[in-house]
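I have placed the structure first, in the form of structure tokens, so that the comments after it can refer back to it.
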Amino acid sequence: MSSPSKRRDMDVMKLMMSDYTVEPINDGINEFNVEFHGPKESPYEGGVWKVRVELPDAYPYKSPSIGFVNKIFHPNVDELSGSVCLDVINQSWSPMFDLLNVFEVFLPQLLLYPNPSDPLNGDAASLMMKDKAQYEQKVKEYCERYAKKEHMDNTLTDDSDVEVSDNEGFSDGRSDSDDEVAGRADP
């Protein structure tokens, strides 16, 4: 079996060679942003998000930390922090998964099948349960306002508005709490 650092390098390289735009942060391989497009045939179609990824030293044995940098309206994504509530990343991560799984399967599934009964964004969850058409309209409004390619051009290269603290922002499933949040730095 290869070492975690070789696997990390291989997974990041595989992501970079795919159709995703990957931008390293601080010239390292442990932190980077990925351009993520909303899934087709969903209210998120046409949206483009910058997703921040932090890889722990023990990756792939420990899950990556994942968070949306630009705003998204979704029951399982905290609107202010971008934290993501996703069991497969926080609770049931396996070294069999790689970064392509995160961007080709896990995040698209999260957007296609929100879980309003386990929300990080109570407003989105409530609206989705009460009036799905109005929820989908608000999702589309957020896509227009915060998740267009021109927003990505500005945010992929400019992290001056993003601050990361050593103690907050990202959770990678290693906390002692039962919280299922994988987050990001506050903009």
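Just so it is clear, glycine is given a Cβ too, placed from its N, Cα and C backbone atoms.
The domain 'UBC core' annotation in TrEMBL covers 1-148. According to TrEMBL, the feature active site, glycyl thioester intermediate maps to CYS85. Taken from TrEMBL, the feature region 'Disordered' applies to 153-187. Under the heading compositional bias 'Acidic residues', TrEMBL lists 156-166. The compositional bias 'Basic and acidic residues' annotation in TrEMBL covers 171-187.
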The domain 'UBC core' (1-148) [mean pLDDT, rounded to integer]: 94
Secondary structure composition of the domain 'UBC core' (1-148) [DSSP: H/G/I, E/B, coil]: 56 helix, 26 strand, 66 coil
